[in-house]
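Participant: I have a structure here, written as structure tokens, and I will follow up with some questions on it.
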Amino acid sequence: LQITGVILLAVGVWGKLTLGTYISLIAENSTNAPYVLIGTGTTIIVFGLFGCFATCRGSPWMLKLYAMFLSLVFLAELVAGISGFVFRHEIKDTFLRTYTEAIQNYNKNDERSHAVDNVQESLSCCGIQSYTNWSTSPYFFKHGIPTSCCMNSSDCNTQDLRNMTVAATKVNQKGCYDLVTSFMETNMGIIAGVAFGIAFSQV
């Protein structure tokens, strides 16, 4: 039980660190699966010690409390698994709309704008289907395409990014849509699989 607690805690922390930016960008009401796993994993580790103590003492009421706790853990893991699985299939339906809104409202300063920059830099992509999606953004008319799209930041200036023809040779050509949805589906699938697997192994 302690081992499963450590696994859940590790997967929850990994999920939050790996997917936090993508989740905040994709979903208006983001999934709580990583948080559920972190909380459940930590609780399992603490109550696992309680279970050992209850067994050593042979106390009936302690063992009953421990059994009730195990039932709650099982339900929490199911919630995390279902949340991860459902969110995995909602990604494509929500990403196009929310990412388009993020580009239209991009200002380089707020949290969602930072998330857009993070995605474009980490996945080496630009725009939704391609860099040309930025041409309709109010930000483009003032500053051009964001520097997070640049293939080489040292060879990318504002003047170049304001000209679509020149920018085509300076920025990443791939759009972020396919890359983000594929990345999220794979990783949320891992979270859901781990949660389901551990929940049913504990049964």
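Going from the start of the chain as shown, residues are counted 1 onward.
A Cβ is built for glycine as well, from the same backbone N, Cα and C atoms used for every other residue.
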Participant: Let me make sure I read this right: TrEMBL says CYS149 forms a disulphide bond with another cysteine. Which one, out of CYS125, CYS126?
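Facilitator: It is CYS126, per the disulfide annotation in TrEMBL.
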Participant: Far apart in sequence but close in space: which same-chain residues, 6 or more away, have a Cβ under 8 Å from CYS126 (disulfide bond)?
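Facilitator: Sequence-distant Cβ neighbours: GLN120, TRP134, ILE145, CYS149, VAL171, ASN172, GLN173, LYS174, GLY175, CYS176.
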Participant: Same chain, outside the transmembrane segment (65-87) by at least 6, Cβ under 8 Å from its Cβ: which residues?
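Facilitator: 8, 27, 30-33, 36-37, 39-40, 43-44, 47, 50-51, 54, 188-189, 191-193, 195-196, 198-199, 202-203.
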